[in-house]
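Following: one structure in structure tokens, then a few remarks.
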Amino acid sequence: MSNTDTRDPTSLRTPIVAVLGHVDHGKTSLLDKIRGSAVIEGEAGAITQHIGATAVPLDIISTIAGDLVDPDDFDLPGLLFIDTPGHHSFTTLRSRGGALADIAILVVDVNDGFQPQTLEALEILKRSETPFIVAANKIDTVPGWNVNEDSPINDTYESQSDRVRKRLDENLYEIIGNLSDEGFSADLYWRVQNFQRNVGVVPVSAMTGEGVPDLLTVMMGLSQRYMKEEMEIDVAGPGVGTVLEVKEEKGFGTTIDTVLYDGTIRADDTIVVGGMNKPIVTEVRALLQPRPLAEIRTESRFEKVDEVSAASGIKVAAPDLADAMAGAPVRVVRDRPLEDVVAEVEAELADIAVDTEEQGVVVKADTLGSLEAMADALDEAEVPIVRAEVGDIAPRDISVASTAEDSKQQAILGFNVDVLSDAEQRAEIDDVKLFTDEVIYQLIEEYEQHIEELERAQQDTILDNIVRPARFRILPDHTFRQNDPAVVGVEVNSGTIQNNANVVKFENNEPERVGQVKGIQEQGEDVDEARAGNRVSVAIDGPTVGRQIEEDDELWTAVPEKHAKILEQELASEIPGDELEALNMYLDKQRSRDPFWGK
Ligand code: GDP
């Protein structure tokens, strides 16, 4: 690879850097700024455009950083920035045992502060134990800001008014406070002694370049200090990498954009790639790099190279890659038994594999890494998974989801995937609910809301079919008819009288059935039920006033034992307080005779 670096390339590789953060907080702008500064500062070709990544060599970093970086303090060759920002690509970027990115920049808008995706990114960084620094971006938007293009933060900070400085400080401390709420001890980067224990916050502007020298310095220092050992690789050894993206490319068929993090890959290598069903064994047909800008008009966008070494981004063209998965491992075989390499890839895939249950929801995601992140989040939310796969939502996923025994599990959660049109139709016919989103927590929240609605609907139907408790009293001088049926005025003390309910009366706690409600009238109008506090007239089929019932008698609707049990054990929180009171009094009466009644 063209590189002005003269240090021994056989031992230390470039650390891989990923940029994360909430949408619109400036991830892309920051990457553009770093690339742009590198192009301006460096000789043409000094920064190398890779597939999916940009390599910024140490001498360019030290030129941008000025006094902040003395190149003699470093022996790492520079930094390799992954070009696709966002935690989505970050989760894809995994290597054996964790994140592929060695280090991350979490971008937070100083004015906007912590947002949902900031939290989600932090969660992922925590889980993958990736060291990171926080770029507190958009400092130039603080009202009254005095711009000093590309200047280190200290210089530009000095040139601001007290008011501006105060405002910036407040915003920065808010971010530090938010980090601390999430369990990270953080401080402004110049106060951090130990970057392994504390998160450094670097104020920057991706627009004006202010603070970018500091950002690069801190990244470089952090890698040099704490990651040097991990960067020691056998550069000449067989290449190891991760698929970033699977892409059709005119003239080359299916290709895999790969980030190589160890060893070398050559144009005549046999490679093993993680596939949908099993590892794919194939021969490299071409290794492709982006053509330098000056030559781009000549022919293809790509240039064939004979070999590349870690760390780098490379497009690999080879037969049989259609089943390759983003996030899957790539390993060069070279001088080793093929079975060993296949076994290594299988082991890595198994490592990423999601635990599934007999029953559960179907999960689809665009990459292995995001599938894993989804599975983790669902595990936390205690949602079981029956099947988890990389790919768009297809009709066969609907078939799987439609067989779920529990209607709550007749659902597919798709992260960053499309729904194929025939799948959408099938889902409607089979009553399978589809949820798709590009933010994991939102996706899970949508599903949980759906579950709540389902549960509420289920309870409503149960309640509709259950006899509700009521305690009521026959009012004195309110007998309108003696019998066939008896019609009396009553006051409902607690609970709800429903039409057709059976009526009981307790004599010394012994329930005696007196008849059945055959009509309720409130102010001359027929009604289906009467609630606590109402005075209504009821027709009761069965008794005669003066014999089985008397004026002033306390009566109850007869709640069947099974219904009483469901009400007490499952629906107690769903029914109104007065109804619960009626239920409890009713249970007390029944249980004074039979302690296990309704249990
Ligand atoms: P991303 O979604 O995180 O990649 O955010 P972008 O890089 O696309 O930035 C979102 C918007 O914020 C764009 O309009 C940028 O021009 C703007 N922006 C990004 N960084 C800065 C900054 O430092 N200062 C100012 N004033 N605007 C910025």
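Note: Cβ is positioned from N, Cα and C throughout, glycine not excepted.
According to TrEMBL, the protein carries these features:
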DOMAIN    12-227  domain 'Tr-type G'
BINDING   21-28, 83-87, 137-140  GTP binding site
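Projection of TrEMBL feature records onto the structure.
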| residue | record | DSSP class |
| --- | --- | --- |
| G21 | GTP binding site | strand |
| K27 | GTP binding site | helix |
| T84 | GTP binding site | coil |
| I139 | GTP binding site | helix |
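Close contacts with ligand 1, defined as a Cβ under 6 Å from any of its atoms, occur at D24 among the binding-site residues D24, T84, H87, I139.
Neighbour counts of Cβ atoms within 10 Å were compared across the binding-site residues G21, D24, T84, H87; the minimum falls on D24. Note on the domain 'Tr-type G' (12-227): its mean pLDDT in the predicted model is 89. Within the same chain, residues at least six positions away from I139 (GTP binding site) with a Cβ under 8 Å of its Cβ are V110, W145, L168, P203, V204, S205, E210, G211.
The Cβ of K27 (GTP binding site) has 25 neighbouring Cβ atoms from other residues within 10 Å, across all protein chains displayed.
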